């Protein structure tokens, strides 16, 4: 057998080893016959001083690293070796190239080689296709340049100029014709419109004159003719009100309507004063039927004149009240309400009971008294959609079917109409309110600043020194643990800060108080155990640790590092 070659080595640790946490310098007697390479020496040191099997140790002799694959004969007697706990990912799967300068991983080298092979297979086709297309484009461009000669260029410019001139001449002729065609109907329409605007009263004046002539020639048929004329006039005015083409047309119609009824009422009053006997000779049945027809068509009845009997006035008043109810029921929508107001403005101020009747114009706003003896109020046609203040008519009826009508007074039947108390009501206030709000709204350029809470910068624990063994009690350490995540899958946690409460060197168990933030408490899941005590209280054993104190083996800690507090912090914490 070969003689044993024992060597005495002095080992210097950066941090106390797990087996002897109170010292960092040791003497070790090594038999070189048992240690063939430096790796054997490292495994011997790992075994003697309680390092875990996964801990990678590096041996340095006078500042130089002893390669793991070198012979252990490099170590001589009384040599001082520095033992350093290296990072794990430094020397895993490393390939040293001949120069020794570059360290490449096997996986990366394989991937690069595979990519190079694929590139060599696919590149020729791609390059050929790109070159092919580029050469094609270059050839086409060269051909185009060669084909363009100066003569051809001059010919093309001349032909283009001629074409442009021809197009311009044709375009001007066509445009002139089209403009003439367009202007001619427009001019005609404008002329007709101007004529109508200048003479809005001419057809009505003619109708009144014809009516007067017919009255003189045939006095008996004057009442019927007047009713027919009134029907025609009402239909024309309603049609013109329902379909206005523009604002100017509507204004002209308003003027004609405001002037027309007053003239018709004057003529009717004169005729009634001159021929009271002839009108009274007619049968009441015919008058009732004509009044009813007129009320159904127009929705409003003309008030009877002085010469008519009390029976005719009562029948016409009843029919007018019924027609008013029908018209008001149909005017639920804003458009119907607008049409209703316009028709009210048409017949405002026509026939009124009493000798002192005065005509009213439809453009008058609000309410006006018609006369001293009349005692009635007529609504003026207002441009807005809102209804007048009081639209009530007192006919002795006790029921108030429409709340927006005024409270009905009790007047003598056939004599005067009761004055309704003004009750303000607006049918369509939405558009007016919107406009008012838009005008009254004050635009404010106010910006609210939303600031996120200041994120605390994460500590870089990789700069802290690694721990080979458990430090002293009371020291703070940073470590990782293999634990279940919130989805109950095992994973390495982030760095946690903890304080060493106790350490057992024999069992290598460590009690650690976790100082970092714990996860928020939640309801127990499917992997959490719930126990019931005798008193009925529930005890939950979470699969994911929720406690601030843990007891683990030192080997279970991943990358334990010592947290070194700066002297400024320690001095500030100490009492002055």
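Glycine is no exception: its Cβ is also placed from the backbone N, Cα and C atoms.
In Swiss-Prot, the annotation region '4 X 2 AA tandem repeats of R-G' applies to 413-420, one of the ranges 117-124, 333-340, 341-348, 413-420. Per Swiss-Prot, the residue annotated phosphoserine among 98, 226, 403, 446 is 403.
The range from 392-420, 537-565 that Swiss-Prot describes as region 'Required for interaction with SMN' is residues 392-420. Looking up 127, 165, 201 in Swiss-Prot for SUMO2 cross-link, the annotated residue turns out to be 127. Matching 27-75, 223-271 against Swiss-Prot, the residues noted as region '2 X 4 AA repeats of A-R-N-S' span 223-271. Feature annotation from Swiss-Prot across 20, 303 places phosphothreonine at 303. DSSP assigns residue 487 (phosphoserine) to coil, not to a helix or a strand.
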